[in-house]
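What TrEMBL lists as region 'Disordered' is 1-21, 151-173. Annotated transmembrane segment per TrEMBL: 41-63, 75-95, 101-118, in sequence order. The annotation compositional bias 'Basic and acidic residues' is assigned in TrEMBL to 151-164.
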Amino acid sequence: MAEIHQPHHYQPQQQHHLRPGDAMKGMFSEENQEGPSTSKVLAVVTLLPIGGFLLILAGFTFVGTLIGLAVSTPLFVIFCPVLIPAAIVIGLAVAGILTSGAFGITGLSSLSWIANYLRQTRAPEHMDYAKRHVQDKAGYYGQRAKEMGQNVKEKAQETGREVTARAQEGSGA
């Protein structure tokens, strides 16, 4: 029986109002009997320590920057004529705060990505559709290449016959 493949259409999902505890409920419910997949376990195992480390690093950087500002503020008052070192210290403080924020955002975004990855559902039908599409295109272009090879072979044979005929006319004349 021939199977007709129709392209999948995007159907918008209905918006549901979630309570705070509903976000992670699908991961731990009794409906999920087979457990998490290997890729989800690897994602958690690798990204959870990285995210935690980056958050700790962000905290240390922020605290170090605040301590540096607290120590350097009295120096600004005492040595106010010396503006070049003050500008350097301010520049380093701003760089420290920005670095701290970058580490914090990176850590939080990786933890957010883990949560979203664990909550999402797999869609193998999209992969099947893409696989069929690639196979169809490969078959089409394979057939086209075969036809082009046949055309080249026919033209080569035709040209060979013409060259042979001209050579026989030239030797016979």
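Quick reminder: no glycine exception, Cβ is built from N, Cα and C everywhere.
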Cβ contacts under 8 Å made by the transmembrane segment (101-118) with residues that lie 6+ beyond its boundaries: 23-24, 27, 36, 40, 43-44, 47-48, 50-55, 57-59, 61-62
How many of the residues that make up the region 'Disordered' (151-173) does DSSP mark as helix, as strand and as coil? 22 helix, 0 strand, 1 coil
